[in-house]
Amino acid sequence: MTLGEKYTAFKTILIKEFLRFIRIWIQTVLPPVITTALYFVIFGNLIGSQIGDMEGYRYMDYIVPGLIMMAVITNSYANVVSSFYGSKFQRHIEEMLVSPIPNHLILSGFVAGGVARGLVVGSAVTATAFFFSDMQVHNLFVSITVVVLTSILFAIAGLINGVFAKSFDDISIIPTFVLTPLTYLGGIFYTIEMLPEFWQGVSLVNPILYMINAFRYGMLGVTDINLYVSYLIITGFIVGLYWFALTLLNRGVGIRS
Amino acid sequence: MSPKAISSPCSAHNGAGKSTAIGIIASLVNKTSGSVRVFGHDLDTDIAAAKSCLGLVPQEFNFNMFEPVVEVVVNQAGYYGIPRALAFERAEQYLKELGLWDKRRVMARNLSGGMKRRLMIARALVHRPRLLILDEPTAGVDIEIRRSMWNYLRLINEQGTTIILTTHYLEEAESLCRNIAIIDDGEIIENTNMKVLLNKLHTETFVLDLREPIEAVPPVAGYRVNRVDACTLEADISRECSLNGLFTELSKYGIEVLSMRNKSNRLEQLFLDLVDENSEHRKGAAG
């Protein structure tokens, strides 16, 4: 394939993925907006007013970056895992496998679709946040790069889950039992400085902590973690997971008999 | 595989190896040994070129049921690097040729079985492959649609596309194909030109419908003729004899033949003979 043909193939997967989640926006875009709005109302307005300020910000303003990141993480992951497993289940992954698209483009196309959903939902949640908090952006570059990189990371992770999944149960186990706890314990609602020293150390093992804090720095200018360490960890995970996912596709794991 | 031919691998049993062979050629199944070359392009060393030559219509529906018909075809074109505008033009062409243009905005899951099969043919053709492989394309399709699919396959073959189709319907193979391979237990036991294969048939049985009823079969020299009922005869014709000779003999007794047909498909008989022969051979080798 020429470079132009490869670009067309990549664009085709991206458009297909984009249309897939937009076509069912009531299931994909609307629920995270409603859920996040409820978080704003309950944790931000009702409980937050009892908590007071955190690191110099109103509690409502403090949790906004974490809630945006939570929506981005879960939706990037969910989009790819459900789409990839769905394409295996219905066997239309074969449309790509019989074509000359290289595996790295199949991987990139699915990941781009996941990033697209992560960003669309993230934008919708951000727009919702305007109604509840005095939004500000401390550093636009950091905010955007952290969101995009995190979205890429979890989209790749979703694809790996999709590769190994053999049933619909398998695509909900990781989000339910791994992703959600790690996200909630990743400092969305609190600063780890509030935790006892032991639990601060445990929290540092959670990669999501680095992403949420980096994004919080981009939005508010406060973070528990060094920004460069956060970038290093995020890019390190991306490279490692991308290599692993590509190896799986090259070997045909879960997609070729 | 000579270009522009229609070939058919047939097999005795489900699971004989047709779909696996197709899966390997189409890169859907990892082969354990051997090599595959499509128009000279090796699947191991020149995979993109090999895949570009190939269009596949699998046995089971494998498109996204939740996509509109036109998108199924346009996306497939995109995977081959065909720009979207051109992909829409080609989708229109093939969907019109296959009678699906009116359904282009319908979700694929809402198509009938025959329409879904035609959609898979349109999808397989959209990148204009040199080789089209169809895995039992007419299974479960009504007679009218089957005939129209046959006509369409003949048309695209005449336009230069080589076609391989697998089928259990030997009438289909005999009607469409110039070359035939017979697979039994993963092994090709015959691979030849259709006429050459049919010439191996030593005896054919014909059913003759008579104008007037007869009480008994007259002695017909050189032919084995049985009476089925008063107006029907069955005659075994060996390659050494001719039908003309039989008619001449019958007319001597005032018997007039109104119409005639093969008792069973010729290829079917040959096919069963070959598979039985192979089975005996395997038993002999094992014993």
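Even glycines carry a Cβ here, placed using N, Cα and C.
Copied over from TrEMBL, here are the features:
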- A:21-42: transmembrane segment (TRANSMEM)
- A:23-252: domain 'ABC transmembrane type-2' (DOMAIN)
- A:62-85: transmembrane segment (TRANSMEM)
- A:105-132: transmembrane segment (TRANSMEM)
- A:138-160: transmembrane segment (TRANSMEM)
- A:172-192: transmembrane segment (TRANSMEM)
- A:198-215: transmembrane segment (TRANSMEM)
- A:227-249: transmembrane segment (TRANSMEM)
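If you look at the transmembrane segment (A:227-249), the same-chain residues 6 or more away from its ends with a CB under 8 A from one of its CBs are 103-104, 106-107, 142, 145-146, 149-150, 152-153, 156-157, 159-160, 163, 207, 210-211, 213-214, 217, 255. With respect to Cβ pairs under 8 Å, the transmembrane segment (A:138-160) is most closely packed against A:62-85, considering the stretches A:21-42, A:62-85, A:105-132, A:172-192, A:198-215.
Away from its own ends, the transmembrane segment (A:198-215) comes close to residues 65-66, 68-70, 73, 142-143, 146-147, 150, 153, 182-183, 185-188, 192, 223-225, 227, 229-231, 233-234, 237 of its chain (Cβ-Cβ under 8 Å, at least six residues beyond either end).
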